[in-house]
Amino acid sequence: MAMRQCAIYGKGGIGKSTTTQNLVAALAEMGKKVMIVGCDPKADSTRLILHSKAQNTIMEMAAEAGTVEDLELEDVLKVGYGGVKCVESGGPEPGVGCAGRGVITAINFLEEEGAYEDDLDFVFYDVLGDVVCGGFAMPIRENKAQEIYIVCSGEMMAMYAANNISKGIVKYANSGSVRLGGLICNSRNTDREDELIIALAAKLGTQMIHFVPRDNVVQRAEIRRMTVIEYDPTAKQADEYRTLARKVVENKMLIIPNPITMDELEALLMEFGVMEEEDESIVGKAAAAEE
């Protein structure tokens, strides 16, 4: 099969890296050849696959070596569980420079060094938070990733971020081949969460590709720096990630999304009881004034 390049976006803290690594572990278990490119200065996109605290990043090693041209592919590419290839782009120290530049530098380096030529089935880009700047949009802006999956939950800000990311996809979809493959609901156990994300997906013109339930085995595995697939392959949660992997492999629904307005998003949240009807009479009133 031709190599598929997928980017995983979503609100910060939503569980993108955990979801991506468990999905990738399930793909590796299926016999797929996969590479993860971490596009986040935290460099935590590969820790569960490599059983390490944080992988040395391309930007760190380039700074030590002098320039990125002084690096070799084997310096930055590590192989972990199931033969998964792992690379972290990294970024500058907090408050210094543009982390998005790290993503651009890393992907260009990997291309020049032939990292993509090794009969890979999938490349996954695990991308920082929202599409916050042009650098982080690089995997979709430069037509590197053709498929985008957005990790979200039934919480308002996660849905707001999913809608914002959809706007970013539209911006680049019209001039390139990038498409939205679906929403992955990483459950926070909010009320009617699966129905809400199915409804949001329908409004965006996409699908909820899978609902990943909340399970404490994920945290138990993470403490050991392992995916659930490796830590407890018999766990029900491991089967959830296997189902997600199978759905991604079989996914043919790749669309240009139809982002909604803030008013439409709020109306959806009110419909499902996540947000109360707006009452102008209470706006700006402190608790003491309401007594």
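Positions of Cβ are set from backbone N, Cα and C atoms, glycine also.
Taken from Swiss-Prot, the feature ATP binding site covers Gly10, Lys11, Gly12, Gly13, Ile14, Gly15, Lys16, Ser17, and the record attributes it to sequence analysis. What Swiss-Prot lists as [4Fe-4S] cluster binding site is Cys98, Cys133. As annotated by Swiss-Prot, ADP-ribosylarginine applies to Arg101, with the evidence given as similarity to another entry.
Counting every protein chain shown, the number of other Cβ atoms lying within 10 Å of the Cβ of Gly12 (ATP binding site) is 14. Neighbour density for Ile14 (ATP binding site): within 10 A of its CB lie 24 other CB atoms from the protein chains shown. According to DSSP, Ser17 (ATP binding site) sits within a helical segment.
Taking CA atoms as the reference points, Ile14 (ATP binding site) and Cys98 ([4Fe-4S] cluster binding site) are 23 Å apart. Listed in sequence order, there are no same-chain residues at least 6 apart in sequence whose CB falls under 8 Å from the CB of Gly13 (ATP binding site). Counting other Cβ atoms within 10 Å of each Cβ, the lowest count among the binding-site residues Gly10, Gly15 belongs to Gly15. Its Cβ placed at the centre, the residue listed as 'ADP-ribosylarginine' has 17 other Cβ atoms within 10 Å. Counted over every protein chain shown, other Cβ atoms within 10 Å are most numerous around Lys16 among the binding-site residues Lys11, Lys16, Cys98. DSSP classifies Arg101 (ADP-ribosylarginine) as helix under the three-state reduction.
Annotation for Ser17 (ATP binding site): same-chain Cβ neighbours under 8 Å, separated by at least 6 residues, are Gly38, Asp40, Asp44, Ser45, Arg47, Leu48, Asp126. Across the fold, the C-alpha of Gly10 (ATP binding site) and the C-alpha of the residue listed as 'ADP-ribosylarginine' stand 20 Å from each other. Arg101 (ADP-ribosylarginine) and Lys16 (ATP binding site) are 21 Å apart (CA-CA, integer value).
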